[in-house]
């Protein structure tokens, strides 16, 4: 596959995923805002922190390394060996869920059953739901490797929406069920998610006239099941070794990703109510990151992995591929920087209003607004880190991945210590400050790798992180105006003043985006080119 073709597919996947996710997330956002008005902070803390951490830890440890390793393989691989390797995630998930479930039940503080009933059932069902989701792993990797546009987004979004609808129905009609409600909804979510992939491939493989079916390395559903090959090894040992390298890295990355939840869960630095408020703010603050940055990171990781050869630096690669990769990386860095700055500047002045609309006084009073304002800065770092790491992990050799693991180990340890100390000093805000510090370190590591990678080439993609003085001034002016507007118009003077505050923000946002359009011509050209490719590809499918 040529670099331009891979770029077009990556852009198509990212743009289609973005538009669909915005639509589905909007529906989910409304449903969750409705559900929050019928829940206590304590039950939100148990479900969104304690039980979700069990589920996410099991999923991450069982599959993350397999995903990265299997998506890095070339087109000439033996897919039966890849599927065999992927099916190992299921027994691995069973072992992790049993072990972690035992820890959650025996070593962690158990909530008062009169306040939050059926905690034990919740632990068991959330662990089971993780194993159910792993059953769809071969289908997910096959879909991602062949860039099946919309399948991933539709499957995940439909599952989340149906889960939210079921939760809302049960909360309204059977509130005495307690954690039974969220356990049943979680299991329903994973079952629907897997069924979406199975039904899609079942229909695709039974339709020989489909052009997509003709490009697949399988011809029937049984080809995706584990099988013993007549010749050769059961798995591709190069993929297996790379999986082990990524597993060590994934274990550390999980600590960094969910570090604050581990500290809250194991060290009891916050009560369940404070955990609930923090998690709601965390989810709300990361909404844009999930909508915009995650599809871009996932899609362009595949692009960089296909275009770049892991064992070669920039001078030994095909120069056409290196030039395209550098141009794409520069544009992605600029896009991440501008999107992150927009969220940071405008999020500071509209955090309290957003929380009041989303969850009422439970969120907009107390520490909620301060947490969300701080999280807006963290989103900027998340945006830049997502782009730098998607390139870094795609370009690193196995030996470099192993060396990076030692850095991640030190980073994980410092993060846990820093989270514990800052939380004692600043409460929930300490988690966000610790995350910002560690995200800054991770960005620095990736920037050093990118600098070294392109050092001897004529390309310099890190210029994407430079901002023109005119655009910087537009951001600073917008931040000052919206900050003053919040003081005088929001949020105690009623809805007319709130709407005036929103109008001020819309005007400043329009001026800022207009300035960006006039000054960042290179980025605008990149977006127009790739969105045009995406539209033409959509018309052909």
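A Cβ is built for glycine as well, from the same backbone N, Cα and C atoms used for every other residue.
Where the annotation comes from TrEMBL, it is an automatic prediction and has not been curated.
Here TrEMBL flags 18-37 (among others) as transmembrane segment.
Within its own chain, the transmembrane segment (43-62) is flanked in space by residues 36, 89, 92-93, 96-97, 100-101, 104, 108, 111, 116, 119, 122-123, 126-127, 129-131, 133-134, 178-179, 182-183, 186, 247, 250-251, 254, 257-258, 261-262, 264-265, 271-280, 283, which lie at least six positions past its ends and keep a Cβ under 8 Å from the stretch. Annotated transmembrane segment per TrEMBL: 43-62 (among others), in sequence order.
Here TrEMBL flags 83-104 (among others) as transmembrane segment.
For 116-141 (among others), the entry in TrEMBL reads transmembrane segment. Outside the transmembrane segment (116-141) by six or more residues, the chain places 42-43, 46-47, 51-52, 54-55, 58-59, 62-63, 66-67, 70-71, 82-83, 86-87, 89-90, 93-94, 96-98, 100-101, 104-105, 110, 152, 177-180, 182-184, 186-187, 189-191, 193-194, 197-198, 200-201, 224, 272 with a CB less than 8 A from a CB of the stretch.
Sequence annotations record features per position, and here TrEMBL assigns transmembrane segment to 153-174 (among others). Only residues 6 or more beyond the boundaries of the transmembrane segment (153-174), in the same chain, are considered here, and those with a CB under 8 A from a CB of the stretch are 16-17, 20-21, 23-25, 27-28, 31-32, 34-35, 38-39, 181-182, 184-186, 188-190, 192-193, 196-197, 200, 295.
The transmembrane segment annotation in TrEMBL covers 180-200 (among others).
According to TrEMBL, the feature transmembrane segment maps to 322-350 (among others). Away from its own ends, the transmembrane segment (322-350) comes close to residues 3-4, 7, 285, 288, 292-293, 296, 300, 303-304, 307-308, 314, 372-373, 375-377, 379-384, 386-388, 391, 450, 454, 457, 459-465, 467, 475, 478-479, 482-483, 485-486, 501-502, 505, 508-509, 512-513, 516, 520, 522-523, 526-527 of its chain (Cβ-Cβ under 8 Å, at least six residues beyond either end).
Residues or ranges marked as transmembrane segment by TrEMBL: 370-394 (among others).
According to TrEMBL, the feature transmembrane segment maps to 406-426 (among others).
Marked as transmembrane segment by TrEMBL: 432-454 (among others).
Per TrEMBL, transmembrane segment is recorded for 466-488 (among others). Through the fold, the transmembrane segment (466-488) approaches residues 337, 341-342, 345-346, 348-350, 352, 500-501, 504-505, 508-509, 511-512, 515-516, 519-520 of its own chain, all at least 6 residues removed from its boundaries and within a Cβ separation under 8 Å.
For 500-518 (among others), the entry in TrEMBL reads transmembrane segment.
Distant neighbours of the transmembrane segment (406-426): 249, 252-253, 255-256, 259-260, 262-263, 267, 269-270, 433-435, 437-438, 441-442, 445; these residues of the same chain sit at least 6 beyond its ends, with a Cβ under 8 Å from one of its Cβ atoms.
If one looks beyond the transmembrane segment (180-200) by at least 6 residues along the same chain, the residues whose Cβ comes under 8 Å of a Cβ in the stretch are 47, 51, 55, 118, 121-122, 125-126, 128-130, 132-133, 135-136, 139-140, 143, 148, 151, 154-156, 158-160, 162-164, 166-167, 170-171, 174. Under 8 Å from some Cβ of the transmembrane segment (500-518) lie the Cβ atoms of residues 338, 342, 345-346, 349-350, 353, 470-471, 474-475, 477-478, 481-482, 485-486, 489-491, 524, all in the same chain and six or more residues away from its ends. Only residues 6 or more beyond the boundaries of the transmembrane segment (370-394), in the same chain, are considered here, and those with a CB under 8 A from a CB of the stretch are 68, 72, 277-278, 281-282, 284-286, 288-289, 292-294, 296-298, 300-301, 304-305, 308, 325, 329, 332-333, 335-337, 339-341, 343-344, 347-348, 351-352, 354-355, 401, 428-429, 432-433, 435-436, 439-440, 442-443, 445-447, 449-450, 465.
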